[in-house]
Amino acid sequence: LSVDSSWLRWQWRVREGSAQSASEATPLLSAEKARRSYNLRRQRVVFPNNSTFHQDWEKVSRSYPGNRIHTTKYTLFTFLPQNLFEQFHRWANLYFLLLVILNWIPSMEVFHREITMLPLAIVLFIIMVKDGLEDLKRHRFDKAINCSNIRIYPRKVHNYVRKPWKDVRVGDFIQVQCNEIIPADILLLFSSDPSGICHLETANLDGETNLKQRRVVKGFSQQEVQFQPERFCNTIVCEKPNNHLNRFKGYMEHPDQTRTGFNSENLLLRGCTVRNTEVAVGIVIYAGHETKAMLNNSGPRYKRSKIERRMNTDIFFCIGILFLMCLIGAVGHSLWNGTFEEHPPFDVPDTNGNFLPLALEGVYMFLTMIILLQVLIPISLYVSIELVKLGQVFFLHNDLDLYDEETDSSIQCRALNITEDLGQIQYIFSDKTGTLTENKMVFRRCTIMGSEYSHQENAKRLETPKELDSDSEEWTQYQCLSFPARWVQGPATMRGQKSAQPLRRCQSARVPIQGHSRQRSMGHYENSQPAVAFSSSIEKDVTPDKNLLTKVRDAALWLESLSDGRATKPSFSTTSSIADFFLALTICNSVMVSTTTEPRQRKVTIPPSTKALGMSLEKIQQLFQRLKLSSLSQSFSSTAPSDTDLGESLGANAPTMDSDEKDDSSVCSGGYSTDGGYRSSVWDQGDILGSGSGASLEEELETPAPGLAGPELCYEAESPDEAALVHAAHAYSFTLVSRTPEQVTVRLPQGTCLTFDLLCTLGFDSVRKRMSVVVRHPLTGEIVVYTKGADSVIMDLLEDPASVTDIDLEKKLKKTQARTQKHLDLYARDGLRTLCIAKKVISEEDFRRWASFRHEAEASLENRDELLMETAQHLENRLTLLGATGIEDRLQEGVPDTIAALREAGIQVWVLTGDKQETAVNIAYSCRLLDQTDTVYTINTENQETCDSILNCTLEEVKQFHEPQKPDRKLFGFRLRSKTPSTTSAAVLPEVGLVIDGKTLNAIFLGKLEKKFLELTGYCRSVLCCRCTPLQKSMIVKLVRDKLSVMTLSIGDGANDVSMIQAADIGIGISGQEGMQAVMSSDFAISRFRHLKKLLLVHGHWCYSRLARMVVYYFYKNVCYVNLLFWYQFFCGFSASTMIDYWQMIFFNLFFTSLPPLIFGILDKDISAETLLALPELYKSGQNSECYNLSTFWISMLDAFYQSLICFFIPYLTYKDSDIDVFTFGTPINTISLTTILLHQAMEMKTWTIIHGLILLGSFLMYFAVSLLYNATCVTCNSPTNPYWVMEVQFSDLTFYLVCFLTPVAALLPRF
């Protein structure tokens, strides 16, 4: 082990720093021991709430918030002012508030003051009610959470008492039982598990269903049955609250001022559920809103859509039109007043008899005209858009095609205001693993010491199109074998029910302890997926390779031949390497083992008689099973004693004993009795290996089939890769039996159980890209390091064959590495995920030095991550290669068709993955991202100058034959077709693809080569970026989004995709095998990649088309109606008078023309879903913003001006020189404009349903009903001119009908 350099550096750091002891050299321990001083600004100090520290606890806890949560935005007293304050942040509301204030000035009053306030008040009230209802729901949820009960230790009672969550304070002791939710972030001090382990389910936090392990703080694991809070006399110092779920560090200061460090493995987070652990006790570190779960709860994201940004620009154009019209009115009023030689009688002087100057009158008239024409700015448009988007989201959620039955999940919309952006996507950036693939890792093949084992039988099994139900498969296997019927049926089945199928883990036959069984509340999801993550039938059932199976048996026999404690010389034989290879697969992981759902007790005691009887029955049962004596087995089963369950004696994986109760090379196994108690049986080494004649008999018998020597083991893995390797080792009878923080037990093919002391575990991280475990071999006593990781990393850490003195061994090592590399390349070309397996043997002295260095790093608060990384690098070097594995991650169903459809829609698809290049390229061909006829350019370089020259050469070559694939350009909103190559050249020349790796991307970003890179990608139909880090993924998305000004979408399923998802215009998370971190950071969440096809091509197109045309219609409607008032000013001396009653004008926008646009924006379908899916090219209309752009806006404005001219001047010419009053003239104009606007809406509708017809007809009839009622009752509503009986008189005039029929026809004629 090369730790001398690190040890010397540590000693140098001590000498250069100060004359401190080793324990004081770290920044964590730099405080003086003589006195306690804490920096409360940088640290959190927690005193326990017990009799000893009660006074300190009272002083410090005041500065920490309680555990009551408030996710509401308002209180009963702050709701009205705070909500109004938030609403007036929208400048449109401020604009209308300013108009209301202006209308209250007498010299500028146009409408009645109350009438002017009504539209703004209604809009504010609707939004206020919506916000209030949403906040009320949050309040009820908070109340339910805060009133949940938990056991708290009160100092005065000296016992745990149930109290609500809201009473929990920092420093309190909390007792949590199995299946209870943790109320705050607590430091684990006690667990009923004998190993000091607490099992957690973090589904509420990150969506991951596999169990996590949390450990008791060092020094507290060896406690009595009950934890005594009054004996806890330590002070806790840790970091300030933050939102890092997987990062936590601090130390515990003991009364003698020694310190013990702890980390995230000792912290139980709020919201997690305790599983498989009867009791856990901890002290509260963070409470309430300072918990990591609450700090990560950001809620739905708010983004501004492209249409909203476009709409804000057009509103400024409307403001310009409004100011121009007001300016014309003000100038016209001044000119008209100038035509009078004397002041006209309607020009009233002030109290002093003075008249206002013409210029000042013009200013007043300008402001008055703003009040009159205020409807030109559509205030109701904002409310309508919010309602339309809610309707669109409702239909998204209820689309059965976007529902996944397997996971019982539908689409989630977490960003409610960007649904229309789904119809304008131009670039898609996708992860590969779990997004394009299933993330169900299946063991396919392996290579050991240069020999490749193809596993052809296993490959044939995987070629079946559908997975067989695992229950049926297991039952079929059981039926083919002969063994006792009672064993088949299980202890809970009746002996007469011979047709009953064996019970699985989620249907445990043992009587569960009440309240301690692992439960899930996910509908029928449990029926469709296994209860354990990464344990489907296709993942578990591995068919062994016949050639390798024979060698594995020989390796297992060789392994058993090693004498206990005898150190052997390093062996590089194939047999020993195969044994180490499968031991590494079994041991080098963090997989948890379980056989039942009940928690384990802390103390396990068994009567000797029960133990002996169980072992004797077990031995006899194994012999009968091996000899396949069916008749004898049946008779044996029928005569077995009723108080001893043979299935349990064979099956159960009970808690492992304490270290002083078991032999180093033995494993403890036990089970649960049918009466709910606990039983166990101890296998001695002699019993396992056999003795005397029994041993010779067993050697002559064939090896038992895997899985029949005990119950079904359940493996809880944190990643599918780990589960796949453990299942593969299990297929070769190297079975992981149990795992504790100190030991891991493996059962060999002959039944021997080896227990390895687990000295240290170096977990996998994205920087090292490997994992290592340090164990003590139970037979040789050697300290062995088993490492697995990415081939790009492991191959560089291997021992140099040239340093070996033995020439033959040197040649063998070189040959092994070369052949393994060849096999790795073969696996990658086949699209398999590759992992290298290596080992290393170190001496006791070297390990002791390294462990001391590691301990110092773990106890450090400052630079802890860097120190831990350094220690790992000093251990993981000079490795001996054992072999490699190839794991298949199959494509999801429908991925090739989805990618093909998206590309036909004009969307550029890029794949950004951290996988090996060969693997990613193979998947790219499989999913039709690349075609066999494509010209694929691969760039792999670390040098910036080399990268620059390669980009230049590639660009020159591509430019000679291809045109860039760019979207159509625009000039003032009008589309300009891009140049396209001729049909002949397009038919001959292949498409271009680009493949680059992470090192090349570094060279591009550091060398300022982004422009050339983007220019090259413009010629490519697809781009594949391999070996990308999460940061590089987000940088690529930002580069394309900002430099090309395109709409981007990122889709991924893992935590490493979060930054990419957040960088794109739209982020989509897939709720897959890697948890819910991507979903929580996304705008939309789906369960399958194939759902993206309908989400974009259908719903995206509909949402964009509906909302875009609705916005354009709103602008048209308001401008058309306001222009009627503007044309009238030319005939009333620009006096800001109106020919339409004020109430009629208010009702026009609020009631008569408000519902049709809403129905249009929610239900209209310009093209059917079938057509959109069959012709993906139709999606390009959204990419080019054809429904709403600068040209469509101005065309609608011109149309509005034209229609307003027709609607005003035809009635004007009809009633010219007549003696009708002003309202009799205005009523036909109002009726005509309403008819024209509604008919215009009807012409825009592409889909007609009963709802569309009823809404349009209802709006039209409502106008006449309200007008008749209003004109019949309003005698003096608007003195001196009143609309009394005007509509009733119009109904008796044939001219009214003729005008109302011909004018809309003339106005809408150009649209036909």
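Sequential numbering from 1, following the chain as shown.
Cβ atoms are placed via backbone N, Cα and C, with glycine included.
Predicted automatically and left uncurated, TrEMBL annotations should be read as such.
Taken from TrEMBL as is:
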- 56-116: domain 'P-type ATPase N-terminal' (DOMAIN)
- 88-105: transmembrane segment (TRANSMEM)
- 111-129: transmembrane segment (TRANSMEM)
- 315-336: transmembrane segment (TRANSMEM)
- 363-385: transmembrane segment (TRANSMEM)
- Asp431, Lys432, Thr433, Glu722, Phe764, Lys788, Arg833, Thr913, Gly914, Asp915, Arg1027, Lys1033, Asn1056, Asp1057: ATP binding site (BINDING)
- Asp431: active site, 4-aspartylphosphate intermediate (ACT_SITE)
- 1079-1312: domain 'P-type ATPase C-terminal' (DOMAIN)
- 1111-1130: transmembrane segment (TRANSMEM)
- 1142-1163: transmembrane segment (TRANSMEM)
- 1193-1214: transmembrane segment (TRANSMEM)
- 1251-1270: transmembrane segment (TRANSMEM)
- 1290-1309: transmembrane segment (TRANSMEM)
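Annotated features, which come from TrEMBL, shown on the structure.
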residue: Asp431; record: ATP binding site; contacts (Cβ under 8 Å, 6+ apart): Val911, Leu912, Thr913, Ile1051, Gly1052, Asp1053, Gly1054, Asn1056, Asp1057, Met1060
residue: Thr433; record: ATP binding site; contacts (Cβ under 8 Å, 6+ apart): Asn439, Arg833, Asp889, Thr913, Gly914, Asp915, Asp1053, Gly1054
residue: Phe764; record: ATP binding site; contacts (Cβ under 8 Å, 6+ apart): Ser719, Arg770, Met771, Gly789
residue: Arg1027; record: ATP binding site; contacts (Cβ under 8 Å, 6+ apart): Ser792, Thr913, Gly914, Asp915, Lys916, Gln917, Asp997, Gly998, Lys999
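Most Cβ pairs under 8 Å to the transmembrane segment (363-385), among the stretches 88-105, 111-129, 1193-1214, 1290-1309, belong to 88-105. Packing around Arg833 (ATP binding site) is summarised by its Cβ count: 23 other Cβ atoms lie within 10 angstroms of its Cβ, all protein chains included. Every protein chain considered, the tally of other Cβ atoms within 10 Å of the Cβ of Asn1056 (ATP binding site) stands at 21.
Counted within 10 Å of its Cβ, the other Cβ atoms near Gly914 (ATP binding site) come to 23, all protein chains included.
Helix, strand and coil residue tallies for the domain 'P-type ATPase N-terminal' (56-116), in that order: 35 helix, 0 strand, 26 coil [DSSP].
Same-chain residues lying 6+ beyond the ends of the transmembrane segment (1290-1309) with a Cβ under 8 Å from its Cβ atoms: 1202-1203, 1206-1207, 1210-1211, 1214, 1224, 1227-1228, 1231-1232, 1235-1236, 1239-1240, 1243. Note on the domain 'P-type ATPase C-terminal' (1079-1312): mean pLDDT across this stretch is 92.
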